[in-house]
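Q: Sequence annotations record features per position, and here Swiss-Prot assigns signal peptide to 1-26 based on sequence analysis. The domain 'GH18' annotation in Swiss-Prot covers 34-379, and the record cites sequence analysis as its basis. The N-linked glycosylation site feature in Swiss-Prot is assigned to ASN68, ASN109, ASN128, ASN192, ASN227, ASN241. Residues or ranges marked as active site, proton donor by Swiss-Prot: GLU147.
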Amino acid sequence: MANILNLKHLLTLALILLALATKSSTSSSSSITRVKGIYWLENPFFPPTTVDTSLFTHIFYSFLTPNNITYKLEISSSQILSLNTFTKTFKTKSPPAATLFSIGGAGSNSSLLAFIASDPPACAAFINSTIDVARTFGFDGIDLDWEFPKNTKEMNDLGEMLFQWRKAISDEGATTGRPPLLLTAAVYFAVNFSIYGEPRMYPVNSINENLDWVNVMSYELRGPRSNKTGAPSGTFDPKSNVSVVSGLLSWIHSGVVPEKLVMGMPLYGKSWKLRDPNVHGIGAPSVGSGPGVNGLMAYFQVLDFNRQKSAKVEYDVDTASVYSYSGSTWIGYDNPFTVSIKVGFAQALKLRGYFFWVAGLDTLDWKIATQASKAWKLV
C-alpha cells in the first residue's frame, strides 16, 4: 500500500511540474487576461473594503434578479448604495480589481430565466437592462448564474441568448466608444449532466463565440444528503467521474477552448455525522449532516473545529482532498495544500484561471486565497 500511495503522490507532483513546464508553450496566449476571481455576497460583517485585491483580479457582486413582469433587472433602493459602494471600492483599491455583477444564483427563479431566454422581446428588455445597470454603476462586466437550464430546448435558448447578448454589448461599445463589457457565465461542473432535469449539454459553440469565459462550479460534488462521506470538491475520484478534473476535461473534450474555462474552488467544507465513529474514511457510512447549516462550514470554522476538538486531520490521496473527524463529526474540505494541487492542474490544462465561492469564508489573513495566488505565480 505504501508503494501505491507514493506512486500516486509522484503522479500528482509530475502533473504539477507539467504545469510549470508549459510556460514556454503558452507564451502565445500571454495577452489573455488571467482570472483570479471571487464572488461576494452582501454581508455587513464582510464589506468590500475587507477584500484583499492583491489576491484577486475580478470580483463578482452577487446577486441581481430580473423582474417577472418587465424582465428588466430589479434594483432596490438599498442595492443602489451597495452597487455604487462596490464598484467605487474596487476601482480605488491598490491594486484595483475588475468588477462584474452576477444574475441569478442557486435560489433564483430558473423558470423565469428560461422564459426570458425563449422570448425575443423579453430577452431584449433583459439584455438592455443589464447593459444599462453595468454602465450606470461602473461595472466592467456581467455574469449569468442560471442554475440550471432543465432540458435541451433551454440549453439551445441559452445559446441564442448569449449570441444576442454579445451582439448588444458589441453594438453598445461601438456606439459609445467604450471598451465592451465582459460577459461570463457560472456553469455546472461538467458540460453535460442529467440532474435537475433531462440529459442535456451546454451550447459549446455559443460559449466559445460569445462569452469571455465560464466560471465552472467545481464544487458541491458531494454533500451530507448522501449516506456516506465524500470529498465536496475532490480533484479526483477513482470510482466515478464526479471530480474536478473529470468535469474540466468534459468541458475541454466537448470543444470549449481551455482559456474560456475558469475553475471554481470552495472556501468552505461540508460536514457529516458518522454512523460509526470508528469508521471514518472517505465513503464512511453517515446519518445526515454535522455542524453548520445543511452541513456547510466556512474554512475558518473548520480550523476552529480542528483546534477545539483536537480533530484528526487526514489527507486522502485518491481524491486529493482533506478531511477531519472527531467523535461522530466528519468534515471534508480543501486546505492550502489541496488548493495548490488544483491550481497546478488548472495550469496544466491551460485554463484561464480560478475563482472562489465565496468571500468571507476564508481566514482573516486569506490562507486559502493566498496559497492559490502564490501557486499560480509559479508559472
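Glycine too: its Cβ is placed from the backbone N, Cα and C atoms.
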Q: Rounded to an integer, what is the Cα-Cα distance in Å between ASN192 (N-linked glycosylation site) and ASN109 (N-linked glycosylation site)?
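A: Distance (Cα to Cα, whole Å): 21 Å.
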Q: For the residue listed as 'active site, proton donor' and ASN109 (N-linked glycosylation site), determine the Cα separation and express it in whole Å.
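A: Answer for this pair: 9 Å between alpha carbons.
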Q: Work out how many Å separate ASN227 (N-linked glycosylation site) and ASN241 (N-linked glycosylation site) at their Cα atoms, rounded off.
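A: Cα-Cα distance, ASN227 (N-linked glycosylation site) to ASN241 (N-linked glycosylation site): 19 Å.
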Q: Filter the glycosylation sites ASN109, ASN128, ASN241 down to those whose C-alpha lies within 10 angstroms of the C-alpha of ASN68 (N-linked glycosylation site); answer none if the list is empty.
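A: Of ASN109, ASN128, ASN241, within range: ASN109.
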Q: What three-state secondary structure does DSSP assign to ASN109 (N-linked glycosylation site)?
A: coil
Q: Test of understanding: give the count of other CB atoms lying within 10 angstroms of the CB of ASN241 (N-linked glycosylation site).
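A: Other Cβ atoms found within 10 Å: 11.
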Q: Taking 10 A as the limit, how many CB atoms besides its own sit near the CB of ASN109 (N-linked glycosylation site)?
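A: The answer is 13 other Cβ atoms.
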Q: Mind looking up the mean pLDDT for the domain 'GH18' (34-379) in the predicted model?
A: 98
Q: Taking the Cβ of ASN128 (N-linked glycosylation site) as the reference point, list residues of the same chain whose Cβ is under 8 angstroms away and which are at least six residues distant in sequence.
A: LYS72, ALA168
